[in-house]
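What follows is a set of notes on a single structure, which appears directly below.
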Amino acid sequence: MKLPIYLDYSATCPVDPRVAEKMMQCLTMDGLFGNPASRSHRFGWQAEEAVDLARNQVAELIGADPREIVFTSGATESNNLAIKGVAHFYAGKGKHIVTSKTEHKAVLDTCRQLEREGYEVTYLEPMPNGLFTLEQIEGALRDDTILVSIMHVNNEIGVVQNIAAIGELCRSRKILLHVDAVQSVGKIPVDVEALKVDLLSMSAHKVYGPKGIGALYVRRKPRVRLEAQMHGGGHERGMRSGTLPTHQIVGMGEAFRIAKEEMVSEGQRIMALRQRLWDGIKDIEAVYINGDLEQRVPGNLNVSFAYVEGESLIMALKDLAVSSGSACTSASLEPSYVLRALGLNDELAHSSIRFSMGRFTTEEEIDYAIKLIRDSIGRLREMSPLWEMYKDGVDLNTVEWAHH
């Protein structure tokens, strides 16, 4: 077993060796290095064929038509293209968007930008378990609502929203539904027909593919129209210009093919690892799980260890690669906005750790992690005056702290 142990699969995954192998065949003179848009020679045709195969592999994982797949530079671009693209195209119909406070920054900041352009956005607050009720979403819809954007699986707490019901509601009201499915695709079944979504964002690097490539599913029937955000040679049916990076697209296709093949067996194995980790730490005093434990993606465990400072815990767990929020916000010392939205106070939000396991995680690594966590929590709490007060029966919420 090698240290440190990687338990941050929700931030990114290593590329599967089978994927890397396929990618290497698209780079050099003796490979498929041509421009897929070059129609006048074999180098272009072969590259185009490789891209077509990958487009099919991506479509197959989510039950889509390959013509509904638009390749992008990643899910951030997919989210921007979906939300801004719809908002600008349908501005004549209305300027109201519904989303949630627990979305990824790529959705929240895109909506903030649209607010600056004169759009109105409603940000829904989740229940304490991280889920939304259909009534909540229905209550936010207005006559001028053009788009609902709700993520399938949350990147911090791993809860799975009931997208099919939301899709049914949106369709009955003739409102478009965009879903950020970065954390669900390849991990749990995603079928765009069953979920009734109109737009769906995906990323390769959360499914053991390369970074820098993603896709946006754009429904054809009934047709969803978008205003392009990237202009140029009219690639991807005019929705996203730019020379297609054959090697990255091929990598994404192969990664999605493997995910489809191994989803059930891997899901069960990873679920067992998560259960093993939780069983190993749940009897520690004052430990809380964040997000619904039933409606949850297999590889995610987000836990708050009360009376321990998150930063010091991460330092103590230096042999474990874990995070205290999303990677994108991990550099800030602010408590997680997702956990705050669930109603956690600053202290508990600060003492939370996200463990996410994946394809290369082993039982041996989990057992090592359990021992390390137990030892570290014990040691850090011994040094904590707050823990001492708690053990003495002091209600810390009633303490008046002196402010300097």
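Count begins at 1; order follows the chain as displayed.
Yeah, the Cβs are placed from backbone N, Cα and C, and that goes for glycine too.
Just so it is clear, the model here is predicted, and its values are computed rather than measured.
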Say Swiss-Prot lists Ala75, Thr76, Asn155, Ser203, Ala204, His205, Thr243 as binding pyridoxal 5'-phosphate: which of Gln57, Gln136, Gln183 is in the same site, per that record?
Gln183
Which one is it: of the recorded positions His205, Lys206, which Cβ has the fewest other Cβ atoms within 10 Å in this structure?
His205
Fewest other Cβ within 10 angstroms of its own Cβ, chosen from the binding-site residues Thr76, Asn155, Gln183, Ser203, Thr243:
Thr243
Residue pair Gln183 (pyridoxal 5'-phosphate binding site), Lys206 (N6-(pyridoxal phosphate)lysine) - Cα distance, angstrom, rounded:
7
Comparing the binding-site residues Ala75, Ala204, which residue's C-beta has the most other C-beta atoms within 10 angstroms in this structure?
Ala204
May I ask you to report the DSSP-based helix, strand or coil state of Ser203 (pyridoxal 5'-phosphate binding site)?
strand
